[in-house]
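Here the structure is laid out as structure tokens; the discussion comes afterwards.
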Amino acid sequence: MAAHQEKKTSEERNHKGTQKDTQTSQVQWGRAWEVDWFSLASILFLLMFAPLIVYYFIMACDQYQCSLTEPLIDLLTGNKHLADIWNSTPTLTYRAAAIYTLWVAFQVVLYVFIPDFCHKFLPGYVGGVQEGAVTPAGVVNKYEINGLQAWLITHVLWFANAYYFHWFSPTIIFDNWIPLLWCANILGYAVSTFAMIKGYFFPTNAKDCKFTGNFFYDYMMGIEFNPRVGKWFDFKLFFNGRPGIVAWTLINLSYAAKQQELYGQVTNSMILVNVLQGIYVLDFFWNEAWYLKTIDICHDHFGWYLGWGDCVWLPYLYTLQGLYLVYHPVQLCTANATGILILGLIGYYIFRTTNHQKDLFRRTDGNCKIWGKKPEYIECSYMSGDGTKYYSKLMTSGFWGWARHFNYTGDLMGSLAYCLTCGFEHILPYFYIVYMTILLTHRCIRDEHRCFSKYGKDWKYYTSAVPYRLIPGVF
């Protein structure tokens, strides 16, 4: 959406009118002020069971060869008790704590203290200091975009160690996987709790804080919009992108190294997982500046949902395919491997092209060509929290004319390809496509609720022009 500021007219400077607009904006833009019973029940469920879900999946692989049903059968038949399973689970170790502390500290150094240089020699890459979107309070934050640089430095050092220095084994992540889980949980809860305390007592921008009065909702969804320490350490950008997503490809490489150690070879399914998920991760960092305009940065406050989720949920459940393939190596036939690769690449093409069309449209304020012709759009207006009026253009051309979230459709195709690499013996690796379908469908609905509240009748015009969310003609 290409937004530009409109100077206030004399009518808009009227105190009562501005006050009314501000109140309306505060209710409508961003997450909810008031919590309904369904939202509260959902949040309590996630707070209680999301950590258990992660533990269950990782434990199932460690103790039951990735079977999700056998632990339940053992418990229901009395063959094992919860205490037996818990006592067989590796505990937190000093080694894991040292590894995790060094890892996070290293990513903080790369994020805060090394300005981006990649944009100086990589054509087309946008890095360095970039502006984010306008916040509900009318603030425009600046960010140091250097994620691609951090990823490159990290992986150069990883391969240098694997083939030259030999400081540690390439299987180090897999070998300490469950002890590292406890470290990730400690950080996730610590940063989420700190963010909530900070929101109450020393927020970065008090006007961008939201308090519902419900402790659990505020803890889960966050109070501060953009909590920061110092000028550049932005909690939301750091934890959304680093350390979890940088680690994603390292985790998969560690799985591949373990497969080589155990079986003397790396299967083509493991290579596919590394390649397809590696493309996704590299795409994220290549387009990190674009990410500043996404729902995570533009709408979500920073709480447990992002803090714990990025520390634990993302690295542990988004990498299940590689973990599964360590326990159950799958060598795909050429036809199946080729089909999965094509599905993943088509999904990536749709995901990238759709996002590129939106980014091009936004950067040029609609003065561009989409599929060889000038794009069509609907112009909308909205108020920020300070009473300033803005305009946005919602594109109805290209893939965005096919469906309102067609980039998610490409994302789901890629997600399915990851899962298909694992064959059909177990359901565990298919958790990812089920989860992503629920997540992205919910995100569609959540985003459209915000847009309707933000744009009002203009949003109705847009949905009439583009009636489908994900699949043209179906949904």
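Just so it is clear, glycine is given a Cβ too, placed from its N, Cα and C backbone atoms.
TrEMBL annotations: computationally assigned, not manually curated.
Annotated compositional bias 'Basic and acidic residues' per TrEMBL: 1-19, in sequence order. Marked as region 'Disordered' by TrEMBL: 1-23. Residues or ranges marked as transmembrane segment by TrEMBL: 37-58, 92-114, 148-165, 177-197, 262-282, 302-320, 332-351, 415-440.
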Looking only at residues six or more beyond either end of the transmembrane segment (262-282), which have a C-beta under 8 A from one in the stretch? 148, 151, 245-246, 248-249, 252-253, 255-256, 318-319, 321-322, 325-326, 329-332, 337, 340-341, 344, 348, 414, 417-418, 421-423
Could you tell me what the rest of the chain brings near the transmembrane segment (415-440), counting residues at least six beyond its ends with Cβ under 8 Å? 57, 60-61, 66-68, 269-270, 272-273, 276-277, 317-318, 320-321, 324-325, 328, 330, 332, 336, 340-341, 343-344, 347, 405, 408, 470
Within the same chain, where does the transmembrane segment (92-114) have neighbours whose Cβ lies under 8 angstroms from its own Cβ atoms, ignoring anything closer than 6 residues to its ends? I mean 6 or more beyond. 144, 146, 149-150, 153-154, 172, 176, 179-180, 182-184, 187, 230, 232-233, 238, 242-243, 246-247
